[in-house]
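As annotated by TrEMBL, active site, cysteine persulfide intermediate applies to Cys121. Look at TrEMBL and you will find Phe258, Ser259, Lys260, Pro261, Gly262, Arg263 tagged as Mo-bis(molybdopterin guanine dinucleotide) binding site.
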Amino acid sequence: MSQIKPARTANSTTICGARQLELWQRQDLTTTQPDWLAEEVPIALVYNGISHVVMMGTPKDLEAFALGFSLSEGIISSPQDIYAIDVNPTCNGIEVAIELSSRRFAGLKERRRAMAGRTGCGVCGIEQLADIFRPITPLPFSQRFDLNQLDRALGQLKQVQTVGQLTGCTHAAAWINPEGELLGGCEDVGRHVALDKLLGLRAKQPWQQGAVLVSSRASYEMVQKSAMCGVEILFAVSAATTLAVEVAERCNLTLVGFSKPGRATVYTHPQRLI
């Protein structure tokens with residue numbers, strides 16, 4: 001048998017966040033067929049000219065990602081703390097230049113850490129265990145959600161996964177209102193990045209009542225990021241970790257896992273659910 005060559009780009013149109021390649025299938029290794037793959041590139045967030053973090057992610061909705069990451073990491077407290085966001089492709093990836101207010105930039109310089117994330121890894125580069133957990137003001141109990149509406153929201157989740165439907169390779173994060181209507185969402189190969197994109201999108205929208213729905217598991221960082229942005233209810237399609245439950249309990253977040261049609265496991269603060 002002749003040597004199999006690496007996959008090559010197909011002569012086809014591309015969509016944002018996905019690329020078509022010529023691939024081999026098990027049933028026939030002698031010919032190729034076009035198939036879609038999700039793009040994964042290094043994304044550097046640069047604040048006032050200083051590189052802060054490099055994450056691996058899907059190159060779409062990057063302005064929302066920059067805003068959401070800045071909010072969920074406590075770098076800013078409102079969108080008004082950012083004066084401009086510029087997305088600049090480079091030969092090595094994508095650089096997102098963020099112009100912070102002088103007050104917020106001074107605070108960032110005090111706590112800045114060098115961190116290189118692998119598909120949304122959130123603790124790489126942190127030097128002390130205590131730095132993993134951010135101080136979070138306990139959430140109020142102002143939200144209510146009827147679990148009977150959850151199935152409706154689950155049925156709409158694929159609407160925000162255009163790349164995922166082509167490739168089977170992305171996570172989704174969506175905002176759903178108390179009636180189970182999906183108001184908007186984002187996708188990414190990294191679940192943390194997808195959530196940050198959604199949190200940035202929500203910060204620019206009048207979405208107050210409702211909850212976050214993610215297609216992934218619920219790690220402690222998913223809980224922490226949500227709580228930092230004032231989200232009171234987090235639904236995850238998969239399970240939650242023990243640390244996620246501990247953080248959710250401490251910050252008054254209602255955490256629900258195994259969110260599937262006709263099923264849900266409530267880990268913390270069920271009083272928001274009806």
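Easy rule for this one: first residue shown is 1, then count along the chain.
Each Cβ is built from the backbone N, Cα and C atoms, and glycine gets one as well.
Feature annotations (TrEMBL) mapped to structure.
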residue	record	Cβ within 10 Å
Phe258	Mo-bis(molybdopterin guanine dinucleotide) binding site	16
Ser259	Mo-bis(molybdopterin guanine dinucleotide) binding site	25
Lys260	Mo-bis(molybdopterin guanine dinucleotide) binding site	13
Pro261	Mo-bis(molybdopterin guanine dinucleotide) binding site	10
Gly262	Mo-bis(molybdopterin guanine dinucleotide) binding site	7
Arg263	Mo-bis(molybdopterin guanine dinucleotide) binding site	11
